[in-house]
Amino acid sequence: MTNLRKTHPLMKIVNSSFIDLPAPSNISSWWNFGSLLGVCLIIQILTGLFLAMHYTSDTMTAFSSVTHICRDVNYGWLIRYLHANGASMFFICLFLHVGRGLYYGSYMYLETWNIGVLLLFAVMATAFMGYVLPWGQMSFWGATVITNLLSAIPYIGSDLVEWIWGGFSVDKATLTRFFAFHFILPFIIAALAGVHLLFLHETGSNNPSGLCSDADKIPFHPYYTIKDILGVLLLILVLMSLVLFSPDLLGDPDNYTPANPLNTPPHIKPEWYFLFAYAILRSIPNKLGGVLALALSILILAVVPFLHTSKQRSMMFRPFSQCLFWILVADLLTLTWIGGQPVEHPFIIIGQLASILYFLLILVLMPITSLFENNLLKW
């Protein structure tokens, strides 16, 4: 009798995705982040579900309901901080996952890559709406500032903003709809992640060398299941350390003050994982230009596959491209730092230079360097 896992309609899907899947024998720990993102999503959905049981999406009671969760619900503080810091871990894994894709040329799998870019947008939208829900000062003003950016769209801008707000300012209607979207989006993300995997398994995984690995495959289980479990344990270790020792390390103290439309905080800034995009937005003095640059800072990822001029897929054997890649990483860290600083000298000019360098590296310097490397190898 054939093994049940290979014949049962449901189990054979699991079998071909996680057990008997042929995987390259040389994929490094940089390939762990896909499974870690799956674990992050599960943690977020579960903790979010339990938070939603006690949260009320009303401007009068939202802040106090979060306080109630932390003070009165059994382990409510743990669930709340797991959810808040789980989002940070989610984005750390996301950035490393995207960075891996850029470094090793995984973007050459176009469908997988484009679904990934879509997933990134969906996760960013979900995180933004989630940040509004506790209804603290930074929640309210962050929502006001970011939604207001849409008013820069010609002709329909102001109507669009009022339509999203459900009124003439960020108020009860806005909070209620943000809660509804924040609840449904993670399930859409889970479905998209399934499509992401579907497309990936059409081609098989890339590997550090960027070469075809068909001649040397190993079964996913037990080799990569064990490797993924190690990654998950490390993720949980870091997350629990953060939650139990310094849960507010990555948060904003302003969010412990209830939202007050009459009092603007001195420095309005989003969560740390949006700071790089926020810095790019602020570095352009024109409102519409800033909004376009903000959108393009993420959308540029969709253009990357068409800018691949190298005859090699991976950067493993391309030292000049490697150098530019790490300059890009340093540039993004600089932008993240600038996004959290006040708008004054010298931060303004540093932010503008870092923003120019970001687009210059991806659109111009990397493709030219790849062509140069082709010539060095007489290709």
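Just so you know, glycine gets a Cβ as well, placed from its N, Cα and C.
So that you can see what the record holds, here are the features copied from Swiss-Prot:
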TRANSMEM  33-53  transmembrane segment
TRANSMEM  77-98  transmembrane segment
BINDING   HIS83, HIS182  heme b b562 binding site
BINDING   HIS97, HIS196  heme b b566 binding site
TRANSMEM  113-133  transmembrane segment
TRANSMEM  178-198  transmembrane segment
BINDING   HIS201  ubiquinone binding site
TRANSMEM  226-246  transmembrane segment
TRANSMEM  288-308  transmembrane segment
TRANSMEM  320-340  transmembrane segment
TRANSMEM  347-367  transmembrane segment
HIS196 (heme b b566 binding site) versus HIS83 (heme b b562 binding site) - Cα distance in angstrom: 24
What's the CA-CA gap between HIS196 (heme b b566 binding site) and HIS182 (heme b b562 binding site) in angstrom, rounded? 21
To which of the binding-site residues HIS83, HIS182, HIS196, HIS201 does the lowest count of other Cβ atoms within 10 Å belong? HIS201
Fill in the CA-CA distance, HIS97 (heme b b566 binding site) to HIS182 (heme b b562 binding site), as an integer in Å. 23
Taking pairs 6 or more apart in sequence, does the count of Cβ pairs under 8 Å between the transmembrane segment (347-367) and the transmembrane segment (178-198) hit 3 or more? no
Long-range environment of the transmembrane segment (178-198) - Cβ separation under 8 angstroms, sequence gap at least 6: 17, 37-38, 41, 44-45, 48, 52, 55, 57, 112, 115-116, 118-119, 122-123, 125-126, 129-130, 132-133, 143
Taking the Cβ of HIS97 (heme b b566 binding site) as the centre, how many other Cβ atoms fall within a 10 Å radius? 20
If you measure between the CA atoms of HIS201 (ubiquinone binding site) and HIS182 (heme b b562 binding site) and round to the nearest Å, you get 29
